[in-house]
Amino acid sequence: MSQGGAVAREAAKPQDRGWAWMVLLAAVLLQGLTLGFPSCIGVFFTDLQHDFQASNSETSWFPSIMVAVLHGGGPLCSILVKRFGCRFAVMLGGLLSGVGMVSSSFCQSISQLYLTAGLITGLGSCFSFQAGVTILGYYFVRWRTLANAMASTGVSLGFTLWPLLSQYLLDEMGWRNTFLIFGGILLNCCVCGAIMRPVHLAAESPLESPKPAEEPGRRAEGAQLSNGTSPHPELQQQTRRTACFQMLQKYLAFDIFCRNKGYQIYTIGVTWMMMGFALPHVYLVPYAIQNGVEERRAALLISVIGLINIFIRPFTGLLSGHRVFTGRRIYLFSLAVLLCGLSNFICVISAEFSVLIIYCVILSIAMSGIGALTFQVLMDVVEMDRFSSALGLFTVLESITLLIGPPLTGLLVDITSDFHYVFYNSSFFLISAALFMGLSFCALGKKNKSKEASKVPLDNHSRYQYNEMPTEPLSETQSPPVVVYITSI
């Protein structure tokens, strides 16, 4: 092979080096701006309640909608990424996030906040965040686990800085001017998107999905049109149903959910887990303030969680990337969820500031494992070329429980006037989800081993079968489609 061909082939593989590290840096900042942002909403909880004369349940709908849309807009993000690329999706998300928060500063009712900060900002954060996660899977192969863990430290930075900045600005200029400033800060997502160079897949273009073979109905319709006749109404209806089904399968991965038991168990487990996962983030600051903790110190609690995450998440990523945990990362994830659920009982024992600090430390360690492994486990249980679609269904389902969890718990607090139910509910959902995922994957592993033992290997046939259990990230010899830079904008 010619030297020029070898150089071209080498240039077409930027994974794990070169500009990939700049993309990782952008992803870190991106996750801090998007996933880290909802952590500061608890700081404004009491002020919004007072200004709009809203109950706990009504006020909690605002962060719930934001987080639910952030996670549930996955299919829309998948369409944008496949059609226009990651750079466009990230920059559009940054624009929507900024516009949403600027609009929120002029809201006159809590219901208007649902639309501006909840829907518009949440959707913008979704586009920016999920497109950033998707592109990391193509830029990193050998160091994919570490890259995901490093990117998730951006969430930790966001958890650390957003509450402190929020409390300072709230004290100095009120929540309206603070939201106006936040709109400008979130526009920096556009800068991160500019760093994420458009990529071209050697096998296919990400800007235009591969065209499936024409359906018989579509070919028949085209033949009728070429003969100057109109297609039959029933044929048109059948064609539309087929196109709709193909769209759902492409962007929501129902086919993977039906045939991949690992993906099925993991998606159900995480969806159930999210009913309780967001509760401490929304109610910890109001709970501390109600129990006599000063507002500035209460906001510091969320920052403590983020600060510890900064150091623990990379370690978790390195640990989970060790070959000992190949195919076993789901058990580490389940253990982290279990610890997260058990830690909530500390808040029930006492609401003193020193006790709450201990709670935040333990919760942060558990959250580090959850944050570092969530998307890595998903990459383990599905093929990388279907990751974007699998992520779409995964986030849509978990967004439903993220949406209803805090308001339902807020309604319970309004009825009982007891914040302890926040932590009881959170513990129930987290512990039950951890046990479900851990035991189910253990049973699935034993079932697969017994099947393999009962079969006679035939010409290495298993190599061509889709593996439903977590697998090691693709090696360089089995890398995702080769990417090359498109330097034109």
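The backbone N, Cα and C atoms fix where each Cβ goes, and this holds for glycine too.
Marked as domain 'Major facilitator superfamily (MFS) profile' by TrEMBL: 20-450.
According to TrEMBL, the transmembrane segment annotation covers 21-45 (among others). Long-range contacts of the transmembrane segment (21-45) within the same chain: residues 59-60, 62-63, 66-67, 70, 90, 93, 97, 121, 125-126, 128-129, 132-133, 135-136, 139-140, 147, 150-159, 161-163, 165-167, 170, 175, 178, 182, 185-186, 188-189, 192-193, 195-197, 281-286, 299, 302, 305-306, each at least 6 residues beyond the stretch ends and with a Cβ under 8 Å from a Cβ of the stretch.
Only residues 6 or more beyond the boundaries of the transmembrane segment (61-81), in the same chain, are considered here, and those with a CB under 8 A from a CB of the stretch are 34-35, 38, 41-42, 48, 88-89, 92, 110, 113-114, 117-119, 121-123, 125-127, 129-131, 134, 206, 251-252, 274, 278, 282, 388-389, 391-396, 398-400, 402-407. What TrEMBL lists as transmembrane segment is 61-81 (among others).
The transmembrane segment annotation in TrEMBL covers 88-106 (among others). With a threshold of 8 Å between CB atoms, the same-chain residues lying at least 6 positions outside the transmembrane segment (88-106) that come near it are 30, 33-34, 77, 80-81, 112-113, 116-117, 119-132, 176-180, 182-184, 186-194, 196.
The feature transmembrane segment is assigned by TrEMBL to 112-139 (among others).
Feature annotation from TrEMBL assigns transmembrane segment to 146-165 (among others).
Residues or ranges marked as transmembrane segment by TrEMBL: 177-196 (among others). Long-range neighbours of the transmembrane segment (177-196) within the same chain, counting only residues 6 or more positions beyond its ends whose Cβ lies under 8 Å from a Cβ of the stretch, are 22-23, 25-27, 29-30, 33-34, 37, 44, 86-91, 93-95, 97-105, 117, 121, 124-125, 128, 131-132, 135, 166, 169-170.
Sequence annotations record features per position, and here TrEMBL assigns region 'Disordered' to 207-235.
Taken from TrEMBL, the feature compositional bias 'Basic and acidic residues' covers 211-221.
Per TrEMBL, the feature compositional bias 'Polar residues' maps to 224-235.
TrEMBL lists 265-286 (among others) with the feature transmembrane segment.
For 298-318 (among others), the entry in TrEMBL reads transmembrane segment.
Sequence-distant contacts of the transmembrane segment (330-350), counting only residues of its own chain at least 6 positions beyond either end whose CB sits under 8 Å from a CB of the stretch, comprise 262, 266, 269, 273, 276-277, 280, 284, 287, 319-320, 356, 358-359, 362-363, 365-370, 373-374, 377, 380-381, 420, 423-424, 426-431, 433-435, 437-438, 441-442, 470. The transmembrane segment feature in TrEMBL is assigned to 330-350 (among others).
Residues or ranges marked as transmembrane segment by TrEMBL: 356-378 (among others).
Proximity of distant same-chain residues to the transmembrane segment (390-409), defined by a Cβ-Cβ separation under 8 Å and at least 6 residues beyond the stretch ends, is recorded for 57, 60-61, 63-65, 67-75, 77-78, 126, 130, 133-134, 251-254, 256-257, 263, 267-268, 270-272, 274-279, 282-283, 375, 378, 382, 421-422, 425, 429. Taken from TrEMBL, the feature transmembrane segment covers 390-409 (among others).
Annotation comment: TrEMBL describes 421-445 (among others) as transmembrane segment.
With a threshold of 8 Å between CB atoms, the same-chain residues lying at least 6 positions outside the transmembrane segment (265-286) that come near it are 38-39, 41-43, 45-46, 56, 60, 63-64, 67, 71, 163, 257, 298-299, 301-302, 330, 334, 337, 340-341, 344, 347, 356, 363, 370, 374, 377-378, 381, 393-394, 397-398, 400-402, 404-406, 409-410, 413, 419, 422-423, 425-430, 432-434, 436-437, 440-441, 444. Remote same-chain partners of the transmembrane segment (112-139), defined as residues 6 or more beyond its termini with a Cβ less than 8 Å from a stretch Cβ, comprise 14-16, 19-20, 23-24, 26-27, 30-31, 33-35, 37, 48, 61-74, 76-78, 80-81, 86, 89-90, 92-101, 103-104, 147-148, 151, 179, 186, 189, 192-193, 196, 199, 375, 379, 384, 387-388, 391, 395, 480-481, 483.
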